[in-house]
Each structure stands twice: as structure tokens, then as C-alpha cells.
Amino acid sequence: MSETAPVPQPASVAPEKPAATKKTRKPAKAAVPRKKPAGPSVSELIVQAVSSSKERSGVSLAALKKSLAAAGYDVEKNNSRIKLGLKSLVNKGTLVQTKGTGAAGSFKLNKKAESKASTTKVTVKAKASGAAKKPKKTAGAAAKKTVKTPKKPKKPAVSKKTSSKSPKKPKVVKAKKVAKSPAKAKAVKPKAAKVKVTKPKTPAKPKKAAPKKK
């Protein structure tokens, strides 16, 4: 039996690696500014709570916290803020401390501060109404602009009138020139040159001599 030679196997080709895609760096996000909490600040809430109370001796810290909690303010988390707000209001002169020292005590609204608070409320309302009215003006101005824009395409009509009138002028001028030119040619007649004819003078005939008498 004839031995069959083993068939050589082709060298294993290594699979091509796909080109590594470059990682695109994402742009760093800009630091988002912290949003201020919507609504009045702690000091404003304290002033409102003290002004609403009818106690002549002043509002205690416990009573103030109750009124703030009823308004929906988180008293437990913002306990330190309430104390700082009370101290700052006392230092500014908006609140007067009738009893105790520091944050622990009773507080009453200063009469001068009451007049200032009323004026600030009026100015805030006026600013809010002015800000609300401004967008109406801009909307009206935008409407006027949109109305005025379609009037511009009417201008080409004037150019059509001028173009229709312009060809009439050369026709009139040409007609006049053609009418005048033959008249001039007829009026001018060439003058014939006058030639003077000199007549030849005939010689004088000799007179016959008279016969002499015998």
C-alpha cells in the first residue's frame, strides 16, 4: 500500500485586531450654582411671626418655633438658623428683646421696623407688577414688527412704472429729428455759378468816302 504524505496545514493567521477607538474626553461640566431656596428667608419668617402675635410682653422662643412650624418651616433642622436670625435682627434693631439674654427670651417687633417693613412690602409689590407688565410691551413691539415687514415688497412696483415710461422718450426725439432733416435738405438749394459771356466786338466798318465834286 502506498503511503499518503500528510498534507501540510496552512499557518494559522492571527486575527487582525480592530483599531483601538480613541476615547473622546467629555467636557467637564460647569459647576452648577446652588439654587437659593424659594420663599422668604428665616429672618423674614421670624419678623412675620412676631408681628402677627398680639402678646404685649413679646413672643418667646418656644412660641416662635410653633408659629414657624405651622407655616411649614422645618424647625428641628434649622434650629441654629433661627437663633442666629434672632440675634441678627436684635443687632439690626428690627426686634427688641424684652426678656432673657441671647436667643432664649422674649422678642417684640420694633415700632420703627414696622414702618420700614410696610414700605418694603409696597416696593416689592410695585417691582413685581412692573416686571409683569414688561413682557406685554415686548410682545406688542414684536407684533408691530411683524405687521410692518410685509410692506417692503411693494417697492418694486415703482421701478416698473419708471421702466415703462423710459422707452417713450427716445421715440419722440427720433420722430422730431427725422421730420426736420428733410426740410433742411429741401431749403438749401445749390446756387448755379453765373458765368459772364463776353461778346466779341465787331470791327467798325470803314466809312465810304464821299465822291468829290468836279
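A Cβ is built for glycine as well, from the same backbone N, Cα and C atoms used for every other residue.
For 20-37 (among others), the entry in Swiss-Prot reads compositional bias 'Basic residues'.
The annotation compositional bias 'Low complexity' is assigned in Swiss-Prot to 116-144.
The compositional bias 'Basic residues' annotation in Swiss-Prot covers 145-179 (among others).
For 186-214 (among others), the entry in Swiss-Prot reads compositional bias 'Basic residues'.
For 38-111, the entry in Swiss-Prot reads domain 'H15'. If you take every residue in the domain 'H15' (38-111) and average the pLDDT, you get 80.
The feature N-acetylserine is assigned by Swiss-Prot to Ser2, with similarity to another entry given as support.
For Lys17 (among others), the entry in Swiss-Prot reads N6-acetyllysine, with the evidence type similarity to another entry.
If you look up Swiss-Prot, you'll see Lys36 (among others) marked as N6-(beta-hydroxybutyryl)lysine, on the strength of similarity to another entry.
Lys54 (N6-(beta-hydroxybutyryl)lysine) is surrounded by 5 other CB atoms, counting those within 10 A of its CB over all protein chains shown. Under the DSSP three-state reduction, Lys54 (N6-(beta-hydroxybutyryl)lysine) is assigned to coil, being neither helix nor strand. The feature N6-(beta-hydroxybutyryl)lysine is assigned by Swiss-Prot to Lys54 (among others).
As annotated by Swiss-Prot, citrulline applies to Arg56. Cβ contacts within 10 Å of Arg56 (citrulline), excluding its own Cβ and spanning all protein chains shown: 7.
The annotation N6-(beta-hydroxybutyryl)lysine is assigned in Swiss-Prot to Lys66 (among others) on the grounds of similarity to another entry. DSSP assigns Lys66 (N6-(beta-hydroxybutyryl)lysine) to a helical segment in the three-state reduction. There are 14 other CB atoms within 10 A of the CB of Lys66 (N6-(beta-hydroxybutyryl)lysine), with all protein chains counted.
Taken from Swiss-Prot, the feature N6-acetyllysine covers Lys77 (among others), and the record attributes it to similarity to another entry. Residues near Lys77 (N6-acetyllysine) in space but far in sequence (CB under 8 A, at least 6 apart, same chain): none are found.
For the recorded site, Lys87 (N6-(beta-hydroxybutyryl)lysine), the DSSP three-state label reads helix. Residues or ranges marked as N6-(beta-hydroxybutyryl)lysine in Swiss-Prot: Lys87 (among others).
Residues annotated as N6-acetyllysine in Swiss-Prot, with similarity to another entry given as evidence: Lys92 (among others). In the shown protein chains, 11 other C-beta atoms lie within 10 A of the C-beta of Lys92 (N6-acetyllysine).
Swiss-Prot lists Lys92 (among others) with the feature N6-(beta-hydroxybutyryl)lysine. The secondary structure of Lys92 (N6-acetyllysine), as reduced to three states from DSSP, is helical.
Positions annotated as N6-(beta-hydroxybutyryl)lysine by Swiss-Prot, on the basis of similarity to another entry: Lys108 (among others). In the three-state DSSP scheme, Lys108 (N6-(beta-hydroxybutyryl)lysine) falls into the strand class. In the structure as shown, the Cβ atom of Lys108 (N6-(beta-hydroxybutyryl)lysine) sits within 10 Å of 18 other Cβ atoms.
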For Lys77 (N6-acetyllysine), just give me the three-state DSSP call.
coil
Tell me the Cα distance separating Lys108 (N6-(beta-hydroxybutyryl)lysine) from Lys87 (N6-(beta-hydroxybutyryl)lysine), rounded to the nearest angstrom.
13
What is the separation, in Å, between the Cα atoms of Lys108 (N6-(beta-hydroxybutyryl)lysine) and Lys66 (N6-(beta-hydroxybutyryl)lysine)?
16
